Amino acid sequence: MCGIVGAIAERNITAILVEGLKRLEYRGYDSAGLAVFSNAGLLERCRRVGKVSELEQALADEPLAGQLGIAHTRWATHGAPSERNAHPHFSGHDLAVVHNGIIENHEALRERLKGLGYVFSSDTDTEVIVHLLEHKLQELGDLTVALKAVVAELHGAYGLAVISAKQPDRLLAARSGSPLVIGLGHGENFLASDQLALRQVTDRFMYLEEGDIAEIHRDGVQIWDVAGQPVQREQVQYRDGAEAADKGAYRHFMLKEIHEQPQVVQRTLEGRLGADHVLVEAFGPQAAELFAKVRNVQIVACGTSYHAGMVARYWLEELAGIPCQVEVASEFRYRKVVVQPDTLFVSISQSGETADTLAALRNGKARSATDGRYLASLAICNVGISSLVRESDLTLLTQAGPEIGVASTKAFTTQLVALMLLTLALGRVRGSLAAALEAELVDELRRLPSRLDEALALDKAVEKIAELFAEKHHTLFLGRGAQYPVALEGALKLKEISYIHAEAYPAGELKHGPLALVDSDMPVVTVAPNNELLEKLKSNLQEVRARGGQLIVFADQQAGLGNGEGTHVLAVPHICDALAPILYTIPLQLLSYHVAVLKGTDVDQPRNLAKSVTVE
Ligand code: G6P
């Protein structure tokens with residue numbers, strides 16, 4: 001995903017911009033560029049396809065120096081990766097813009113601006129912003145005033161950084177749906193899409209809020225809110241140790257990563273939601289055209305990522321009406337699969353380097369070359385520079401940040417968010433999802449981070465319940481519908497890190513076998529959102545109680561389930577049914593964590609397991 005860095009200082013800022021871009025490399029990108037207001041009083045830029053190191057080399061060959069500048073790593077949405085599409089974009093010689101996000105009304109704006117005589121030199125949506133700004137500037141005279149007028153005309157999502165050779169005393173920023181943070185220095189200030197990019201120069205930050213516009217000078221910052229009123233934003237100071245590869249105050253990486261979920265889910269949504277719909281372009285330049293042709297989806301993945309795929313199957317079929325198959329990659333790669341025409345091949349992977357998933361993708365591509373039934377491949381992945389991303393036609397990056405604990409947690413929930421975005425995008429483009437339902441789910445997605453926070457507040461209660469498991473050798477997890485894969489994931493987490501044998505079943509299958517195992521030594525964990533399957537689930541629970549089984553139920557506050565003898569109910573915040581799999585994952589992660597801690601296992605590096613399985 002794209003990254004922004006900007007700086008205004010009294011020293012040369014080129015190296016700061018390049019270092020900032022390097023720190024954003026992990027997010028994935030296909031080209032990079034920067035523009036500086038040079039000592040000669042001109043805006044000069046350098047852009048390169050490929051790595052930031054290539055940009056750096058180009059700058060070593062032909063140095064650019066200046067005290068005001070903006071830089072960008074681009075992930076193509078409109079227009080292929082190429083130097084002419086790389087940011088910054090210029091209008092004339094005096095105005096430069098970098099942009100994260102997607103401008104949905106770019107076509108209409110482009111036509112209007114062409115009518116006004118502007119000549120476009122890229123295929124990007126971003127270029128309309130810079131020409132529109134130039135146009136407004138002629139009318140209004142002041143850069144900040146002109147930027148305010150421009151954003152009023154933009155539909156979609158954006159984080160913007162702007163500089164002008166005519167008003168080089170300022171660096172401008174605007175945020176709507178794509179994050180921006182101001183880094184505060186002494187006699188110099190900075191801007192970035194992620195504070196990580198600026199940790200080299202400052203530890204003091206000010207986060208812009210939705211709709212904010214900021215005018216950043218060397219010695220001060222002025223911010224206006226969405227209503228155009230001047231506002232102050234809180235200053236945050238980071239102490240050392242707040243980095244992703246550091247446990248901070250947490251005892252284990254896994255616990256830290258569990259608690260990061262509201263934040264990384266938020267990040268995965270950023271720049272991808274319009275007012276009431278998902279921005280299809282977030283999946284890549286050809287996504288809208290390809291998605292319109294999709295008639296089937298084939299998902300392949302391993303481990304936790306496979307469970308995410310299983311949840312997605314419920315969503316794709318129920319919400320978007322698209323037939324979907326899901327298979328573990330190690331099976332898929334060796335099977336003679338019968339592919340339906342117009343199938344979208346989706347691979348899901350945290351690392352993007354899992355050998356079986358990569359092999360499955362390669363097999364899929366080889367098959368597509370012969371029978372043409374796979375339309376395109378889409379990678380849902382957490383690592384932008386991975387093999388899976390490089391080898392896929394389309395990518396949606398989860399923004400979980402580095403995941404260190406071997407047992408996957410935040411990667412899973414961000415995968416689910418990405419898959420929900422895919423479901424909504426496919427449903428709309430194909431016309432199989434009602435606009436009102438999409439709008440409702442987009443709204444629910446926006447509220448999801450705070451729901452996850454509420455679910456994390458169950459931590460203490462779950463820690464207490466974990467005591468029931470410490471001496472047990474076997475556990476059963478039950479769920480129905482899209483909660484069945486959540487139960488599978490809960491069981492996987494428990495076995496991975498506590499070494500307790502755990503199995504998961506769709507609750508309706510209980511009487512076809514596993515009920516024979518149930519006795520007072522076998523705790524049964526159930527996830528019970530308040531949906532149409534609740535009554536059926538309640539009868540399954542009765543079947544367990546009748547055999548003396550201990551029940552641990554994570555239930556919707558409104559499910560009408562209460563504690564009783566042998567039944568422990570933990571109330572989970574209410575959430576719409578579609579997003580319940582994401583929310584109910586949290587208490588199950590916490591449960592496995594606390595059981596493992598009680599058992600004294602190596603939580604972050606469980607025996608025999610690897611974080612990334614790059615061999616077969
Ligand atoms: C390993 C990890 C799991 C992960 C699986 C797939 O088994 O221990 O946590 O779910 O690989 O990895 P991927 O990177 O492809 O998601």
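Glycine is no exception: its Cβ is also placed from the backbone N, Cα and C atoms.
Given the structure is predicted, the values throughout are model-derived calculations rather than measurements.
The feature active site, nucleophile is assigned by TrEMBL to Cys2. Per TrEMBL, active site, for Fru-6P isomerization activity is recorded for Lys611. Feature annotation from TrEMBL assigns domain 'Glutamine amidotransferase type-2' to 2-219. Summarising the annotation, TrEMBL assigns domain 'SIS' to 287-432, 465-606.
For the active-site residues Cys2, Lys611, counting C-beta atoms within 10 A of each C-beta gives the highest total at Cys2. The domain 'SIS' (465-606): residue composition by secondary structure is 64 helix, 30 strand, 48 coil, according to DSSP. Here the domain 'SIS' (287-432) is broken down by DSSP into helix, strand and coil counts: 67 helix, 30 strand, 49 coil. A straight line from the CA of Lys611 (active site, for Fru-6P isomerization activity) to the CA of Cys2 (active site, nucleophile) spans 26 Å.
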